[in-house]
Amino acid sequence: MPSPYNCDGPQPPVPDNNDITGQGVIANYVTTAGIAVLLIIIYFFVVYDPALDPFRKTDQDSSNHSFRPNPVDEIILRTVRHIPKLLMGDRKFHISAQIEKGFIECMLAMSDLQIVTGLSILISGYAQLHQGISSYHWMVIVGLAWFSSLTHLACLTLLRNHLYNHSLQRIWRLFCMAALVILLTIALSFTGGYWWSSLQGGPIPDEEMAWSIIRHAMCHLGFDVRSPTAYYAMVLSILLVIFGFVARIIKLHKIISVSIWGKARARLSMQARRLLRIAFTWCCSNNSYKSLKRTLLYRPLLTVFLVARLFLDGWSSMFSEVCWLVLGFIWGTMRLFGILGIIKKSVDPYPGEPTSIKLVQDSDERDGDWGFGQVVALVLLLAPLFTIIKYFNHANKQRPGVVTDCSDHIWESSHSRSQSMNLTVFPFTPETSMRPDDPNSNWDDHAQTLGAAIIYFMLICTITLLLICTYNSTANLIDHFQVFYLPVIIALMGIWELVIFSLTIELDLSNMPLWVQRLLHLVNILFFTFGAFFTLMPFYIYHQPSENYSFTWVGTYSFLISAAVFYILCAVLYRIIGRTS
C-alpha cells in the first residue's frame, strides 16, 4: 500500500507548532527539569545521610549495624560538609528532620510533575503522528520527554526509603514510569534515520538534507544509516533510558537489592578475599613490607580487588546518581538546543548562489511570538516554586525534631561499622590484624587512596565534558563512538595504576609528615590526569574517524607502560633501601 505521505523529493514548508517548539513550552520543560536537578543536588550535599539504611521502616531504630554505608558517598559528603566548619570555625551545621521531610515532599511533587509532563508530550506526539508531524518536531518531542524521564528516574532513587514505606506509591510510580520508558523507547527508535541531526555549524549543505528535516516522521520508520551519528545517538539514548529504569527497579526493591544482589556480591567478595588471603600468606610470610613479592605480586592483586569494589560502590552510590543526572541533563540540553537551531539554518547547497528553499511557513504567529499557550506554559513554572515554598514553610512551622550534625554522624557511624564488620565478618588473627594491606581491609581503611581515586575519576569526567563542548560537541562524539570506547577504557585503567601508587604512599610512606603524603597524592593524581587528558584529546580533535590514530595509540600505551615500569623501579629501590637500612 503506498504511503499517504510524500517521502521523496521536495517538501512543503512545515507550519509552526508552538505547542511543541514555542519558547514558553521549551522554557517550561527545561526549567522544570533544571529545578528538579538543583533540588536533588542540594538534597544530596546538605541533607542526605548515607549511614541510614534506605530500607528501614519509619518506626525502626536508625542505627542498623548490619547495614554497610557506601564509602564513596561517605568520603564525598564528609569532605564537602567539612567546608562550612573550616569557614565558620566550631559552629556546627544542623539539619532537622522536618527539613529533610520538606525535601522529600518537594521531590515527590517534582517527580509526579515529570511523569505528567513526559507522558503528555509523548501522547501528544503520537496523536499527531498520523496527521503528518514533521521529523523536526518529532525530534523535539523526544528531547523534551528525555528531560522528564531523566529527572523522574533520579527522584525515584532519592525517594527509596519513602517509597519502601509506601509500597502503593512505589507501584503506581513504577507503572507510570514503565509506560513513559516504553513510549520514549519507541519514539527514540524512529530517530535512528535522522541523519541530519548531526549537522553542526554553518548552513544546511544540500537540498536532500533540508527535505529530510521537514519530511513527515512516518517516512523515517526504517533505519537510514547514511550517517552513523544518528544511529549511535539513538542506541545510546535507548540504552541509558532502559538501563536507568532497570537499575531503579533493582534499587527500589529490597528483595532484589539486598537479598539477591547484595548476597551475591557478598559471596563473590568472600571468595576473592580467600584467594587474596592465599596470596597474602605466600607473599608476606616474612612480615617485610619491603619484599618484592609483596609489592610486585600481592599488592597489584589487592588493587584489582579494591578497584572492583570501587566500581561497584560507585555504581550503587547516590553520588553516581547525581553525576548521572547532571551529565544527562547537559547531554539532553545540548541535543535539544542543537535540534532547535537546525531549523533556523539557511539552505546553501551552492555557496554564493541564492536559494528559494524554505523550511518553515511564514505566518503571523512564529515560535518567537507569545500566544496563549506560550504564556500559560511559562506561568506554570510558578507551580513547582509554590510547591517548594509551601513544603519548606510548613516544615519551618513544625517542631525542630531530632537535630544532628550530618558530618560528624557520617564519620562516627562509618568508623564504627568498619570496625564491627572487620571483626565479625572477616575475623583477624593476631599475626595479621595490624597489617595495613591485609586482604580483610575495606575502603574505609584506605581513605586517602579512596579520595585520590574519586578525585581522579571526577577530573576525567570533567575533562571529557570540556573536550566534548570545546571541540566536537555531542554529535561528533557519537561519530567517533566506534573508536572512542577504547581510549576511554584505557584512561579508566589509569585508576588501577593510580590506586596502586596511592596505596604505596599510604602504606609504605606512612612515617612521613602528613603534608608530604598529601603532596605525593596530589602529584600522583595530576600525573595520571594529564596522562589521560593527552590520551583522550586526539580522539576529540580529529574531525574524521577514518584518520590515522596509530601515533595516538603509541602514546597511550607508552604512558601506561611507563607508569608500570616506574612502579617496578620504585619497588626495587624500596627493597634495596630496606636491605641497606
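Glycine residues also receive a Cβ, built from the backbone N, Cα and C atoms like all the rest.
According to TrEMBL:
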- 26-48: transmembrane segment (TRANSMEM)
- 102-124: transmembrane segment (TRANSMEM)
- 136-159: transmembrane segment (TRANSMEM)
- 171-196: transmembrane segment (TRANSMEM)
- 230-250: transmembrane segment (TRANSMEM)
- 295-312: transmembrane segment (TRANSMEM)
- 324-343: transmembrane segment (TRANSMEM)
- 370-389: transmembrane segment (TRANSMEM)
- 450-473: transmembrane segment (TRANSMEM)
- 485-507: transmembrane segment (TRANSMEM)
- 519-542: transmembrane segment (TRANSMEM)
- 554-577: transmembrane segment (TRANSMEM)
* **seg_contact(the transmembrane segment (324-343), the transmembrane segment (136-159)) with at least 3 CB pairs under 8 angstroms, min sep 6** => yes
* Compare 102-124, 230-250, 295-312, 554-577 by their Cβ pairs under 8 Å to the transmembrane segment (136-159) and return the stretch that comes out on top. => 102-124
* **Annotated stretches the transmembrane segment (295-312) and the transmembrane segment (554-577) touching (3 or more Cβ pairs under 8 Å)** => yes
* Could you tell me what the rest of the chain brings near the transmembrane segment (102-124), counting residues at least six beyond its ends with Cβ under 8 Å? => 19-20, 28-29, 32-33, 35-36, 39-40, 42-43, 47, 141, 144-145, 147-149, 151-152, 155-156, 158-159, 162, 173, 176-177, 179-180, 183-184, 187, 383-384, 387-388, 391-392, 394-395
